[in-house]
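Everything below concerns the one structure shown next.
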Amino acid sequence: MSLYFKNSLWIMLEKIALNFGGLIAYVLVSNYLGPDKFGLISFAISLTLIPITISQWGANHVVSNYTLIDKSKSISIIYGSLHFRILIFITSSLLIYLFLLYNNKGLYNSNVILVFLISHIFIGLDIYQFYFLSSNNSKINALSSLLSRTIAILLRVLFVYLSLEVYWFSFPFLVFGIINFYIKSRKVKGLNNEIKKPILKDFIFNGFPYLLSSLLTIVYMKVNDYLIISMVDMKSLAIYNVALTLGFAWTFIPQSFSLSFLNKALSCNNFDKSRKELFKTHLFVCALSIPIIIFIFFFSKDIIGLLFSDSYSNASEILPLLSIAGLFSILGVFNNRIIGYFEEGKSYLYKKVFVTSIISLFIGWFLVSSYGLIGAVYSLCITELFSFTVANYFFKRGLIFKIHFNLR
């Protein structure tokens with residue numbers, strides 16, 4: 001069996017643990033808490049993406065790229081940046097809390113949000129995942145996720161059974177992160193965790209452009225959450241996130257193959273061969289995705305009705321469109337990794353995501369204010385499509401355009 005195919009299967013196993021394994025608990029918790037409280041949790045989890053992204057500091061690109069070139073340097077970066085990443089996670093979390101505390105207009109409970117922010121610290125510190133992914137050793141990611149996710153699921157089910165308050169539902173995230181972090185850190189054997197300034201400076205310098213692009217990606221991915229809270233209500237945010245979770249739940253299948261085959265394509269000495277492999281991967285992703293999307297279109301009401309209470313029934317109306325946005329998102333991530341492989345890709349990704357974020361803000365504000373919840377869905381679809389296509393076509397004289405249409 002091909003190493004890349006085997007790696008894809010392990011990635012899929014990990015995603016099954018992360019997505020389908022957690023879906024049961026997700027359904028139980030959402031039905032137990034109801035749309036209003038579950039909307040608060042959804043908003044809090046959206047905000048955790050900010051300190052997670054800042055603390056990882058573009059490691060999804062930096063660690064991945066160094067792993068392909070020099071594994072020892074990749075390990076040095078992981079250990080040498082640890083204290084720095086802890087500091088900026090805590091600092092950014094506190095800044096978010098203070099901002100919410102002084103700008104809260106009765107829309108949310110700031111203390112609940114702080115608890116959820118802190119509970120994600122070990123998730124933010126886990127950049128080992130990028131090392132194992134790029135070294136075609138996703139088995140470690142899969143097994144650690146399977147164990148930690150199983151324990152987190154059992155805790156959520158227990159908390160529902162005990163009818164605990166909303167604060168308690170942050171604890172499984174902390175447990176999940178600690179177990180994952182511990183297992184992976186034990187598997188990476190190399191330098192000690194003493195900060196080495198040259199390595200740290202290298203990480204900060206090389207990761208900063210990717211950090212900016214990642215933060216701006218959060219803006220256009222999550223701006224709808226804040227717009228829905230501000231212009232509609234917390235219940236609508238819960239419905240939106242339920243549909244978004246289901247609409248993206250299946251994406252691990254094509255994404256597992258795309259990211260694994262990306263390593264194979266970029267390792268080719270002949271770029272014409274790489275381009276053809278990348279084109280084939282695009283086709284493969286679409287071939288896997290389209291049947292799933294068609295199924296969701298025909299059975300969205302049955303899916304929502306089977307899993308959720310009547311208070312979430314409106315999610316069936318937006319689920320099909322969000323599944324299309326899921327496909328665009330997979331292809332967008334895949335193309336970002338292609339661009340990030342090139343030296344000039346750092347600055348391009350930043351510029352691209354900056355423009356995309358500005359566009360998404362205007363589109364989101366207009367569509368949500370005009371059409372409410374469905375407007376947020378249209379906004380996400382348009383933004384993801386733009387990010388995946390037009391926004392990439394100016395890189396290296398249309399390189400991505402040529403890959404999309406198999407042109408020389």
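Positions of Cβ are set from backbone N, Cα and C atoms, glycine also.
If you look up TrEMBL, you'll see 16-34 (among others) marked as transmembrane segment.
The transmembrane segment annotation in TrEMBL covers 40-63 (among others).
Here TrEMBL flags 84-102 (among others) as transmembrane segment.
Annotation comment: TrEMBL describes 108-128 (among others) as transmembrane segment. Listed by sequence, the residues of this chain that lie at least six past the ends of the transmembrane segment (108-128) yet keep a Cβ under 8 A from its Cβ atoms are 40-41, 43-45, 47-48, 51-52, 55-56, 59-60, 63, 78, 82, 85-86, 89-90, 93, 96-97, 100-101, 140, 166-167, 170-171, 173-174, 176-178, 180-181, 184-185, 187-188, 229, 234.
Marked as transmembrane segment by TrEMBL: 140-160 (among others).
The transmembrane segment feature in TrEMBL is assigned to 166-183 (among others).
Annotated transmembrane segment per TrEMBL: 203-223 (among others), in sequence order. Away from its own ends, the transmembrane segment (203-223) comes close to residues 46, 49-50, 53-54, 56-62, 77, 80-81, 84, 336, 340, 346-347, 349-350, 352-354, 356-357, 359-361, 364, 380, 383, 387 of its chain (Cβ-Cβ under 8 Å, at least six residues beyond either end).
Outside the transmembrane segment (238-257), and at least 6 residues removed from its termini, the chain residues within Cβ reach (under 8 Å) are 8-9, 11-12, 15-16, 18-20, 23, 26, 30, 35-36, 38-39, 42, 224-225, 228, 281, 284-285, 288-289, 292, 296, 303-304, 307-308, 312, 314-316, 318-323, 325-327, 329-330, 333-334, 373, 376-377. The transmembrane segment annotation in TrEMBL covers 238-257 (among others).
TrEMBL lists 278-298 (among others) with the feature transmembrane segment.
According to TrEMBL, the feature transmembrane segment maps to 318-336 (among others). Residues 213, 239-240, 243-244, 246-248, 250-251, 254-255, 258-259, 262, 281-282, 285-286, 289-290, 292-293, 296-297, 300, 303-304, 349, 373-374, 377-378, 380-381, 384-385, 387-388, 392, 400 of the same chain lie 6 or more positions beyond the ends of the transmembrane segment (318-336) yet place their CB under 8 Å from a CB of it.
The transmembrane segment feature in TrEMBL is assigned to 348-367 (among others). Counting residues 6+ beyond its ends, the transmembrane segment (348-367) has Cβ neighbours under 8 Å at 209-210, 212-214, 216-217, 219-220, 223-224, 227, 336, 339-340, 375-376, 378-379, 382-383, 386-387, 391-392, 394-395 in the same chain.
The transmembrane segment annotation in TrEMBL covers 373-395 (among others).
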Report, as numbers and ranges, which residues of the same chain sit near the transmembrane segment (166-183): CB under 8 Å and 6 or more residues beyond its ends.
29, 33, 37, 40-41, 44, 112, 115-116, 118-126, 128, 140, 143-145, 147-149, 151-153, 155-156, 159
Long-range Cβ neighbours of the transmembrane segment (84-102) (under 8 Å; 6 or more residues past either end)
47, 50-52, 54-57, 108, 110, 113-114, 117-118, 121, 124-125, 127, 195, 200, 203-204
